[in-house]
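Per TrEMBL, these features apply:
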type	residues	note
BINDING	GLY11, SER12, GLY13, LYS14, SER15, THR16, ARG120	ATP binding site
BINDING	SER15	Mg(2+) binding site
BINDING	ASP33, ARG57, GLY80, ARG142	substrate binding site
Amino acid sequence: MNKIILVGYMGSGKSTVGKALANSLNIPFYDLDSIIEQNLGLSISEIFNQKGEVFFRKYEHQALHQFLENHSQFVLSLGGGTPCYANNHEVLKNTDIASFYLKTSINEIVNRLLQSNNQRPLIVGKSKEELTEYVAKHLFDRSYFYHQSKNTVLTDGKTTDAVVAELVSKLT
Ligand code: S3P
């Protein structure tokens with residue numbers, strides 16, 4: 001399988017795991033947020049602030065479909081919200097795509113987001129308590145879409161290498 005998509009909440013490790021997985025399979029890695037940033041010449045925060053979330057969601061939908069039309073070999077990390085808008089989750093079921101949900105617990109997501117230099121527009125400036133409540137509600141709303149992936153891999157307490165090994169074992 002040489003078309004792989006990773007989904008999961010912000011902080012679930014999609015980009016880190018995606019890069020390592022692509023490296024181990026010797027195929028190219030792409031990150032949908034980075035593609036959007038490059039296309040528009042703006043950071044994700046700037047897009048949200050200057051153009052609004054609805055613009056971002058429409059652009060994200062187009063960028064995803066354009067990417068899939070033009071690439072035949074990839075590990076692609078989606079943004080945390082990508083599968084949850086328009087009909088984007090349908091691509092997770094494509095027969096020629098291996099899709100994985102990197103499932104991370106609320107506590108671990110919150111800890112990782114607090115440790116990172118968080119610039120994500122949806123959660124910037126939130127305290128630990130606010131973030132915990134926000135992530136719990138958001139994950140509840142989104143998990144239906146994440147679970148449209150063909151496989152789920154739990155990431156809590158695992159190293160990047162361990163998650164990659166699990167993904168590779170499910171590919172063969
Ligand atoms: C979002 C997640 C972000 C980015 C944008 C919106 C979301 O991607 O697409 O800030 O709705 O969860 P990451 O999951 O890569 O941080």
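Even glycines carry a Cβ here, placed using N, Cα and C.
Fair warning: this is a prediction, and the values are worked out from it, not measured in the lab.
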Mind running the binding-site residues GLY11, SER12, GLY13, THR16, ARG57, ARG120 against ligand 1 and keeping the ones whose CB falls under 6 Å of it?
ARG120
Entry from the binding-site residues list SER12, SER15, THR16 having the most other CB atoms no farther than 10 A:
SER12
Cβ neighbour count (within 10 Å, all chains shown) around ARG142 (substrate binding site):
17
Round to the nearest Å and give the CA-to-CA distance linking SER15 (ATP binding site) with ASP33 (substrate binding site).
10
Work through the binding-site residues one by one (ASP33, ARG57, GLY80, ARG142) and name whichever has its CA nearest to the CA of SER12 (ATP binding site).
GLY80
Fewest other C-beta atoms within 10 angstroms, as judged across LYS14, ARG57, which are the binding-site residues:
ARG57
Identify, among the binding-site residues GLY13, ASP33, GLY80, ARG120, the residue whose Cβ has the fewest other Cβ atoms within 10 Å in this structure.
ARG120
Intrachain C-beta neighbours of GLY11 (ATP binding site), sequence separation six or more, cut-off 8 angstroms:
THR104, GLU108, ILE109, ARG112, LEU113, SER116
Between ARG120 (ATP binding site) and GLY80 (substrate binding site), how many Å separate their Cα atoms?
11
